[in-house]
Amino acid sequence: MASHDEKVMRDGSPISHDVDPTDQHLPAGRYLATRLTTLKPPLAKAPNPIRLLRMLNLQQWLFFFVAFIAWTWDAFDFFTVSLTVEQLAEEFGKTNRDITWGITLVLMLRSVGAIIFGIASDRYGRKWPFIVNNILFIILELGTAFTQTYQQFLAVRALFGIAMGGLYGNAAATALEDCPPEARGIISGMLQQGYAFGYLLATAFARGLVDTTSHGWRPLFWFGACPPVLIIIFRFFLPETVSFRERVAARKAQGSIAGTFVKEGKVALRRHWILLIYLVLLMAGFNFMSHGSQDLYPTMLTNQFNFSHNAVTVTQVVANLGAMTGGTVIGYCSQIFGRRFSIIVMCILGGALLYPYSFTKSHSVTAAAFFEQFCVQGAWGVIPIHLMELSPGSFRTFVVGTSYQLGNLVSSASSTIEATIGERFPLPPKRQGGREIKRYDYGKVICIFMACVYVYVIVLTFFGPERRGRSMDVEHDSDMAEVRGGHLDGGNVARHDQRQHQRHEDAGEVSSMDEERAVETQQQKEVV
């Protein structure tokens, strides 16, 4: 019997032909035997990126922009502490290490927020949990700015971790679940780079707002509380996504929205628990990859290679520009070569660049930093849509957000691990300001650590599933079909194709593949 997912995209390219990882009756041997064959790049037709972007209608673009801006500012608010560690330590009479607990608490509690807001977003919609999230950002950034003691600071940042963890899954769902399948790759890459863009903005505004007035570090946090007001207004005037409205209609048709939601949860947990574990393990690897390549890197430049603060800033900015470029480009390429193949290639290239990235002692390391972060964030650019396509439709926000944040929790000790190992590779100390400063070969540690992480991600990605081009409509959701007590029939396929045809017709993007898809739909009806 034909699969319930579309076999062909609107540009004529096939969707991923991977086996369904949720198939309860699929023998493990058969699944493993398909790992190599399904890795073969589909070499799908590559439309001009501009043409892909034009496929999005106005509402889809608005959904993307509100998600991108929110994710960007989420990152901005996170990095406000990272960029003011010394000032906060002086304010509260603590060491830099004490202040970093404010960062650690955020990382630890993000998974709590992902669970709370993920379930709320899948049950009540994307809109209002998104708005509540941003209201919390305003309150907690202002709260941080007005803290007077170290204990108050830690308490506020712990709450901020819950709020921060709730946004990612919602932003991904808002930006991607209504996105035309052909444009998902490039939109995914663009969305993910909001994090790097947020870091660049935080760096720029920290330069202009920290220690430039009598209020010291506080103006940066005051400013950080302002843009979420505009984000809330922006989201307030947008509706729920089309995909979520259709899911609500399907739940109503079952007689009870809440009851159907609970049934969907039971089905999703029973059918997808292995997949959920896999996604957490995958996200742990990806977060180790980003934190392992970034967190200790400025310390390496200053401590080991004696870079000035300005030189470190330039290197970091260039590296983040590489990250933004890589995420967008490889997100687009994943639509051509496949999600898993794109991730693996980026890991291989990133591994090849580790030596110049961690052993170049001159300012030429800036070029290596650009391309290393191009690879790291190039692989990351695939992640939003890869997670969305793998996640069960009923709990898409919950699964995407929770797997990402639990992976973040696992990897939160990356810098501590690297720093601890670095102490085993001491270098001759240097004198600065009349005192002796210990030096360590952090470059060697980063190189070894990242090599291990790349191997881990390659292996996990190779043996993992892929569902490129999967339909995100409720009519093609096998979990909902089971809740209904039936299966996906040809009528559902026909209605989906009719609606998709109308969407593309409205956008002027009707494909020459419509005739072939009509034939396939008829074949599916006959089989059913």
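One-based numbering along the chain as shown.
Glycine is no exception: its Cβ is also placed from the backbone N, Cα and C atoms.
Of the candidate ranges 311-334, 359-382, TrEMBL annotates residues 311-334 with the feature transmembrane segment. Mean pLDDT for the domain 'Major facilitator superfamily (MFS) profile' (63-468) in this predicted model: 92. Of the Cβ pairs linking the transmembrane segment (185-208) with the transmembrane segment (311-334) and spaced 6 or more residues apart, 3 or more are under 8 Å, so the two regions touch. Looking at which of 61-79, 131-148, 273-291, 341-358 has the most CB pairs under 8 Å to the transmembrane segment (442-463), the answer is the stretch 341-358. Under the criterion of 3 or more C-beta pairs below 8 Å, with sequence separation of 6 or more, the transmembrane segment (154-173) and the transmembrane segment (311-334) do not qualify as touching, having fewer than 3 such pairs.
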